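Let me begin by presenting the structure, written as structure tokens, before commenting on it.
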Amino acid sequence: MTPESTTIHSPTLRRSLGIPTLVMFGLSYMVPMTVFTTYGIVNEITQGHLSLAYAVTLSAMVFTAVSYAVLSREVPAAGAAYDYARAGFGGHIGFMTGWVIMVDYILLPMLNYLLIGLYLHEQFPAAPAWMFSKAALLLVLVLNIVGINAVKHANVVLVSLQVLFFIIFAVMALRSFDPNISLLDPFIGGDIDASLIMAGAAILCLSFLGFDAVSTMSEEAKEPRRTVPVAVILTTLAGGGIFIVISWLAHVAHPNVVTGENADTAALAMLMHIGGNLLVALFLAAYVTGALGSALASQASVSRILYSMGRDGVLPRRIFGVLSERFRTPVGAILVVAVISVSAVFASVDFVASIVSFGALTAFTVVNLAVVSIFLVQKRHRGAPSILLYGLVPVVGFGLTLWLWTSLSGSTLFFGLLWVALGVGYLAVLTRGFREPPPSLNLRE
């Protein structure tokens with residue numbers, strides 16, 4: 001009997017998440033505060049049309065979000081892209097998709113620990129950045145081991161604090177409103193260069209990483225076939241809406257940000273113009289809070305993916321495929337991610353962020369194709385509605401994500417493809433030269 005034909009009765013995760021909590025989880029993962037991270041750079045690229053670039057990016061991401069929503073109903077399991085690719089293309093492609101997205105999720109907590117250390121060190125230079133990074137890592141580790149409910153409540157608080165900052169920012173921005181510009185100026189004002197808008201949109205794509213993380217919570221969601229698809233779409237729209245509104249407010253309050261200011265510090269200059277030192281201090285506090293929330297969400301996600309792969313025997317089951325008897329959480333997987341994240345003190349933000357982009361866009365591309373494979377090829381759905389939902393939408397999503405993937409730098413593609421090569425080598429060992437299928441389970445419920 002082959003591994004694929006064997007049904008293994010495995011422990012299940014505790015179901016406690018509804019739509020509002022899933023959306024909070026996704027937004028926490030996205031870190032809405034990232035709108036300020038790319039504020040100056042993309043404003044410079046798009047010649048002041050940041051809001052328009054966000055609108056373009058949101059339009060592109062919605063197609064992939066629909067693919068995730070469709071598949072989360074068909075394959076409601078914690079492995080997300082890993083399970084979707086396996087259902088669409090078999091165990092080998094499923095393994096490689098999981099391998100690629102795994103580097104994404106593993107490095108995201110590290111990226112957040114890096115940012116927390118850097119920003120807090122700016123405020124408290126007497127303390128080294130690594131000290132803040134390690135403290136954040138320890139807090140996230142404990143909360144994830146205790147259980148998803150602890151993460152759930154923490155995410156509600158952390159997202160709420162960011163929303164509170166946005167409200168304060170919005171009030172101050174409206175008070176600083178420049179009466180000499182049109183309300184539509186951030187979208188249609190001045191000369192618009194389509195190529196520059198698309199270049200800016202490619203960068204902003206990374207701000208939307210998070211809607212896909214919602215699908216990794218399928219085994220802990222209430223009625224996952226109903227709640228997860230809705231939460232995926234709502235997270236994408238809510239995150240995109242926040243980005244567009246905040247960038248619009250920043251423009252109407254401080255329209256000349258592009259000229260005479262360094263792009264890397266443009267957000268701080270804009271905040272200083274609108275609200276002075278008080279708003280800058282609130283921003284730094286909210287930004288660090290958002291990074292902590294993202295670390296919580298991303299470590300929870302990757303531990304579930306590793307758990308799903310370990311439970312299947314794709315990764316060592318003794319380490320990754322077991323749950324804590326007390327907390328019913330994948331402690332082994334959580335600890336592995338924490339150990340890897342300790343190396344944050346040796347990594348650069350640029351390197352980590354670029355590799356994360358590679359993993360995410362690769363997974364997005366495969367997931368879009370999986371929709372076509374499952375519904376049009378395997379299930380042979382026909383008719384105009386099916387062709388639209390299972391054909392046109394994912395094909396457009398595939399084209400957009402592939403285009404964004406090819407826009408990555410040469411060094412990013414080199415290291416990303418090196419990780420892929422390592423995965424192929426491990427898969428060859430695991431399957432005895434590809435003569436056997438990788439072990440798998442029926443994860444559908």
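Numbering starts at 1 and runs along the chain as it is shown here.
Placed from the backbone N, Cα and C atoms, the Cβ positions cover glycine too.
Residues or ranges marked as transmembrane segment by TrEMBL: 21-42 (among others). Same-chain neighbours of the transmembrane segment (21-42): 50, 53-54, 112, 151-152, 155-156, 158-159, 162-163, 165-166, 200, 203-204, 206-211, 213-214, 217, 221, 227-228, 231-232, 234-235, 238-239, 242-243, 246-247, 250, 257, 261-267, 270-271, 283, 286-287, 290-291, 293-294, 296-298, 300-301, counting only residues six or more beyond its ends whose CB sits under 8 Å from a CB of the stretch.
Below 8 angstroms of C-beta separation, residues 35, 39, 42, 80, 84, 87, 186-190, 192, 196-198, 200-201, 204-205, 207-208, 211-212, 214-215, 228-230, 232-233, 235-237, 240-241, 243-244, 247-248, 250-251, 255, 257-258, 364, 367-368, 370-371, 374-375, 389-390, 393-394, 396-397, 400-401, 404 of the same chain, each at least six residues beyond the ends of the transmembrane segment (48-71), sit close to that stretch. For 48-71 (among others), the entry in TrEMBL reads transmembrane segment.
For the transmembrane segment (92-115), the list of distant contacts is 31, 79-86, 133-134, 136-137, 140, 209, 213, 287-288, 291-292, 294-295, 298-299, 301-302, 305-306, 309, 314, 337, 340-341, 343-344, 347, 349, 352-353, 355-356, 358-360, 362-363, 366-367, 416, 419-420, 423-424, 426-427, 430-431, 434, 437-438, 440: same-chain residues at least six beyond its ends, Cβ to Cβ under 8 Å. Residues annotated as transmembrane segment in TrEMBL: 92-115 (among others).
The annotation transmembrane segment is assigned in TrEMBL to 127-147 (among others).
Residues or ranges marked as transmembrane segment in TrEMBL: 154-174 (among others).
As annotated by TrEMBL, transmembrane segment applies to 194-215 (among others).
Per TrEMBL, the feature transmembrane segment maps to 227-250 (among others).
Listed by sequence, the residues of this chain that lie at least six past the ends of the transmembrane segment (270-297) yet keep a Cβ under 8 A from its Cβ atoms are 25-26, 28-34, 36, 39, 108-109, 112-113, 115-116, 119-120, 122-123, 136-137, 139-140, 143-144, 151, 154-155, 158-159, 161-162, 164-165, 168-169, 172-173, 176, 210, 213, 250, 253-254, 257. Sequence annotations record features per position, and here TrEMBL assigns transmembrane segment to 270-297 (among others).
Residues or ranges marked as transmembrane segment in TrEMBL: 327-349 (among others).
Below 8 angstroms of C-beta separation, residues 63-64, 67-68, 70-71, 74, 81, 84-85, 87-89, 93, 97, 100-105, 107-108, 111, 205-206, 209, 212, 381, 386, 389-391, 393-395, 397-398, 401-402, 404-405, 408, 412-413, 415-416, 419 of the same chain, each at least six residues beyond the ends of the transmembrane segment (355-375), sit close to that stretch. Summarising the annotation, TrEMBL assigns transmembrane segment to 355-375 (among others).
Remote same-chain partners of the transmembrane segment (387-406), defined as residues 6 or more beyond its termini with a Cβ less than 8 Å from a stretch Cβ, comprise 60, 63-64, 66-67, 70, 202, 205, 358, 361-362, 364-365, 368-369, 371-372, 374-376, 381. If you look up TrEMBL, you'll see 387-406 (among others) marked as transmembrane segment.
Listed as Cβ neighbours of the transmembrane segment (412-434) (distance under 8 Å, sequence separation of 6 or more from its ends, same chain) are residues 92, 95-96, 99-100, 103, 314, 354-355, 357-359, 362. As annotated by TrEMBL, transmembrane segment applies to 412-434 (among others).
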Discussion item. Can you tell me which recorded stretch out of 127-147, 194-215, 227-250, 327-349 has the most Cβ pairs within less than 8 Å of the transmembrane segment (154-174)?
Written reply: 227-250
